[in-house]
Amino acid sequence: MAEPQPPSGGLTDEAALSCCSDADPSTKDFLLQQTMLRVKDPKKSLDFYTRVLGMTLIQKCDFPAMKFSLYFLAYEDKNDIPKDKEEKIAWALSRKATLELTHNWGTEDDETQSYHNGNSDPRGFGHIGIAVPDVHSACKRFEELGVKFVKKPDDGKMKGLAFIQDPDGYWIEILNPNKMATLM
């Protein structure tokens, strides 16, 4: 008997599960710690991710010999950030799901510099996702702040979620985890 195909022509649930292995016990303490985006202008990006999305800068690292800086952001209380430099670095790199912004010095002044967001050919990286309590309220605030939208919550076939863009054009999905079951 042929395996039933999902409407998309992709893998069935069973086929997807058959491709997966049980986690090796040695990976028990692994965690997805960060995703990195290259940014042209750290001033614009830091403003966007802190003021618009409410993230906290939890660590900054400069590499003068290689002329770049790293900015780690997360949804953390700034009062919890250790003061000691080494402790702060270890703490920042042990947080779950941080966003690392990488700035190569000088790109902010280069008119021709831009980064590919992965949503046009050649496609690759797609987006990051931010969970919010109320998508419509969050998007109303984003509109008031002049944030660029790719998709508003009531647009398209997938109602109730939105996509906005950061200063470099990276897409950010805005979703409510409790409402996603109706879309999937």
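Backbone N, Cα and C define each Cβ position, glycine as well.
The N-acetylalanine annotation in Swiss-Prot covers A2 and is backed by similarity to another entry.
Cβ contacts within 10 Å of C19 (disulfide bond), excluding its own Cβ and spanning all protein chains shown: 7. Annotation source Swiss-Prot lists disulfide bond at C19-C20 (among others), citing similarity to another entry.
Residue counts for the domain 'VOC' (31-177) under DSSP, split into helix (H, G, I), strand (E, B) and coil, are 35 helix, 46 strand, 66 coil. As annotated by Swiss-Prot, domain 'VOC' applies to 31-177, with the evidence given as sequence analysis.
In sequence order, F72, L93, A97, T98, L99, E100 are the residues of the chain that are 6 or more apart from Q34 (substrate binding site) and have a CB within less than 8 Å of its CB. Summarising the annotation, Swiss-Prot assigns substrate binding site to Q34, R38, N104, R123, H127, K157, M158.
Marked as Zn(2+) binding site by Swiss-Prot: Q34, E100, H127, E173.
The feature disulfide bond is assigned by Swiss-Prot to C61-C139 (among others), with similarity to another entry given as support. Packing around C139 (disulfide bond) is summarised by its Cβ count: 21 other Cβ atoms lie within 10 angstroms of its Cβ, all protein chains included.
Swiss-Prot lists K88 (among others) with the feature N6-succinyllysine, giving similarity to another entry as the kind of evidence.
Residues or ranges marked as phosphothreonine by Swiss-Prot on the basis of similarity to another entry: T107. Counting only same-chain residues six or more apart in sequence, the Cβ atoms lying under 8 angstroms from the Cβ of T107 (phosphothreonine) belong to V39, K40, D41, Q113.
Swiss-Prot lists C139 with the feature S-glutathionyl cysteine, giving similarity to another entry as the kind of evidence.
Here Swiss-Prot flags K148 as N6-acetyllysine, drawing on similarity to another entry. Long-range C-beta contacts of K148 (N6-acetyllysine), restricted to its own chain and to partners at least six residues apart, with a cutoff below 8 Å, comprise I164, Q165.
Under the heading N6-succinyllysine, Swiss-Prot lists K148 (among others), citing similarity to another entry as support.
Per Swiss-Prot, the feature active site, proton donor/acceptor maps to E173. In this view, E173 (Zn(2+) binding site) is surrounded by 17 other Cβ atoms within 10 Å of its Cβ, with every protein chain counted.
Same-chain residues at least 6 positions away in sequence with a Cβ under 8 Å from that of R38 (substrate binding site) are, in sequence order, L101, T102, H103, N104, Y115, D168. Neighbours of E173 (Zn(2+) binding site) among the recorded positions C20, K88, R123, H127, K157, defined as a Cα within 10 Å of its Cα, are H127. Closest by Cα distance to K157 (substrate binding site), from the disulfide-bonded residues C19, C61, C139, is C139. With all protein chains in the displayed structure included, the most crowded Cβ environment within 10 Å among the binding-site residues H127, K157 is that of H127. The average pLDDT computed for the domain 'VOC' (31-177) is 96.
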